[in-house]
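K.L.:
The structure that follows is given in the form of structure tokens.
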Amino acid sequence: MSVMVARKKVVRKWEKLPGRNTFCCDGRIMMARQKGIFYLTLFLILGTCALFFAFECRYLAVQLSPAIPVFAAVLFLFAMATLLRTSFSDPGVIPRALPDEAAFIEMEIEATNGTVPQGQRPPPRIKNFQINNQIVKLKYCYTCKIFRPPRASHCSICDNCVERFDHHCPWVGNCVGKRNYRYFYLFILSLSLLTIYIFTFNIVYVALSESGCGELGLFPGCSRSLTLLTVLEVLICFFTLWSVVGLTGFHTFLVALNQTTNEDIKGSWTGKNRVQNPYSHGNIVKNCCEVLCGPLPPSVLDRRGILQQEEGTAQEESCPRGPSAHEPTAAPGPAGRAEEGSAQQKDGSVPVPSLSKAEMPEEKQLTSGELPVPSQDAGRAEH
């Protein structure tokens with residue numbers, strides 16, 4: 001006998017979240033789906049620093065100062081910590097509207113705009129919002145079915161609306177938004193200092209490497225091999241300086257103005273209308289404090305919440321089969337006929353169970369006006 005038992009299957013909400021993000025460690029780590037360039041970033045940082053600590057730092061610590069590798073280690077650890085914090089965190093993704101919420105917003109839009117004649121383009125779906133006596137337009141996202149908050153934008157790579165969207169950075173493998181912008185800025189700032197630091201002391205090492213190997217007691221001929229590795233490090237640092245230091249300077253300018261990369265590219269506050277930035281305090285110190293030291297909002301995504309789904313499972317249950325009311329208990333043979341005879345009435349007729357019209361077979365049902373035909377004596381037929 002099989003019985004269907006409903007078992008609740010535990011599913012985390014991150015498994016059902018829309019968009020193109022990937023999750024690790026049961027939803028604790030959130031990244032973009034394209035992570036190839038992020039691995040290249042890790043390789044360049046780890047490889048360059050490993051060569052620097054393995055070769056140049058030994059000589060520089062003896063010849064110049066033991067503080068050189070210590071300061072380099074501090075910069076390296078800080079850069080790696082801010083990189084991982086930027087890459088593995090929620091940048092400020094805004095949840096999509098539920099079906100009921102989306103239907104309600106659609107009703108509001110139709111009530112506001114009215115019915116659009118066929119063949120005409122519907123008006124843009126925008127709302128006006130006032131910030132610091134400045135009118136800001138909130139645009140409707142057709143993918144997320146919401147009116148985006150101020151400074152939010154939809155990332156086409158991650159397919160999510162991000163609050164205070166700055167840009168999508170493939171080098172960190174994630175979007176840069178309200179919740180991880182400060183860590184991104186600290187990462188590029190510390191990486192710039194680390195690159196300049198390694199680049200400078202590599203040049204110092206090249207100038208002093210001729211006598212360094214003999215004094216340290218390394219294997220013969222190491223001066224030439226170490227010099228080649230140092231030249232490789234110098235080349236990597238040289239080409240990295242132009243991009244990383246330049247990027248740090250650009251974002252320092254944006255932080256001072258309390259502006260995002262998306263707003264700067266679109267010319268939101270420097271266009272033809274010459275609209276002033278309503279988010280700027282007009283003071284560099286206040287802007288920097290708000291962007292880099294302000295309170296960090298919590299994530300609005302319940303990534304590790306639980307969704308319970310019922311799934312039916314069939315289980316076999318073995319139970320003793322007793323006599324049933326619908327199964328005959330008498331066995332065929334004389335004994336069976338004797339029991340049947342004992343069930344007859346005194347007048348010799350067998351009691352017929354009364355059935356309703358619906359329970360009778362179709363061919364046995366009587367139409368209105370017909371009389372039942374008495375059956376033959378069952379006891380006489382038995383004999």
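Note that Cβ sites are derived from N, Cα and C of the backbone, with glycine treated the same way.
TrEMBL entries are annotated by machine, without manual review.
What TrEMBL lists as transmembrane segment is 37-55, 67-84, 183-208, 228-257. The domain 'Palmitoyltransferase DHHC' annotation in TrEMBL covers 137-266. Annotation source TrEMBL lists region 'Disordered' at 310-383. Residues or ranges marked as compositional bias 'Low complexity' by TrEMBL: 327-336.
For the listed features, I'd like the structural context: burial, neighbours, distances.
P.N.:
Tertiary neighbourhood of the transmembrane segment (67-84): same-chain residues 41-42, 45, 49, 52-53, 57, 60-61, 172, 183-184, 186-187, 190-191, 193-194, 197-198, 201, selected by CB-CB distance under 8 Å and a gap of 6+ residues from either end.
Listed by sequence, the residues of this chain that lie at least six past the ends of the transmembrane segment (228-257) yet keep a Cβ under 8 A from its Cβ atoms are 44, 48, 51-52, 55-56, 184-185, 188-189, 191-192, 195-196, 198-199, 202-203, 205-206, 209, 264, 277, 280, 284, 287-288, 291-292.
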K.L.:
Please compute the mean pLDDT of the model over the domain 'Palmitoyltransferase DHHC' (137-266).
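P.N.:
The answer is 85, the mean pLDDT of the model over that range.
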K.L.:
Could you give the residue numbers and ranges of same-chain residues that sit at least 6 residues beyond the transmembrane segment (37-55) on either side and whose C-beta is under 8 angstroms from one of its C-beta atoms?
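P.N.:
Same-chain contacts beyond the ends: 31, 69, 72-73, 76, 79-80, 83, 87, 170-174, 191, 194, 198, 201-202, 226, 229-230, 232-233, 236-237, 240.
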